[in-house]
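S.K.: Structure provided below as structure tokens; questions to follow.
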């Protein structure tokens, strides 16, 4: 008859296998499909942009430059942990102390690496945020107009509208860029555009509060019509918040791992490894 600790060990491993395989599938979907574009798609639809497959592919290609560096290692990590837990399921009722020692050492090492990863992210968020901001600036410099309907332009437009910001550092960044002088938004064509349309303040339905905003010079007197703060910091903070949330959620896994290691210690005592 199997001991209670072995049954607990078996159930915990089954739970962890399910969690990690589910996480692995989610990361694979984000990595290989167009799921990542769902982050900005609602804003683009509110902008009344006609989204076809080519346009979605272009925007998705931009979004994936931010998600891929995170999802690729997470896929590998979740698969490694899933394999460890699957091994635990298979040996739960085995009487070989060697198998349990292998499990204990492997899981302990992986848990320590996991804890170190969380600490490095939360202790030094600037390094992670900086790499995100560098990638964002590269796409930002490619902005042309909403009318151009290219991936970088629509992605940057959606970001500026959603975060209520303008430019990378501030709205004066656009003075150094070659913007298209004609743009279209909400069924209206704007000639001699002086300021990107997403820099103009909008209502909840993303309609311009002042329809002449894009063709008006920015001055201190009319700054209530524009978003004057740059997107660098809010975008970096927003992107990092997703990573931080994932790190905090993964702490649950650490507690499960500690419980599993304790189970192994008790099982090994049953097998007279620990006296």
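Backbone N, Cα and C atoms are what each Cβ position is placed from, and that goes for glycine too.
TrEMBL annotations: computationally assigned, not manually curated.
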S.K.: What range among 74-93, 134-153, 154-173 does TrEMBL record as transmembrane segment?
M.R.: 74-93
S.K.: Give the range, chosen from 12-32, 33-53, that TrEMBL lists as transmembrane segment.
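M.R.: Transmembrane segment, as annotated by TrEMBL, spans 12-32.
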S.K.: Taking residues 6+ outside the transmembrane segment (242-268), which of them lie with a CB under 8 Å of any CB in it?
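M.R.: Residues 3, 5-6, 8-9, 12-13, 15-16, 19, 70, 74, 81, 88, 97, 100-101, 103-104, 107-108, 110-111, 114-115, 117-118, 121-122, 125, 128, 274 contact the transmembrane segment (242-268) from elsewhere in the chain.
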S.K.: Could you tell me what the rest of the chain brings near the transmembrane segment (12-32), counting residues at least six beyond its ends with Cβ under 8 Å?
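M.R.: Contacts of the transmembrane segment (12-32) (Cβ under 8 Å, skipping residues fewer than 6 from its ends): 64, 67-68, 71-72, 74-75, 78-79, 81-82, 85-86, 88-89, 92, 253, 256, 259-260, 263.
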S.K.: Mind checking which residues of the chain, 6+ beyond the ends of the transmembrane segment (74-93), have their Cβ under 8 Å from one of its Cβ atoms?
M.R.: 2, 6-7, 9-10, 12-14, 16-17, 20-21, 23-24, 27-28, 31, 99-100, 102-103, 106-107, 110, 114, 246, 253, 260
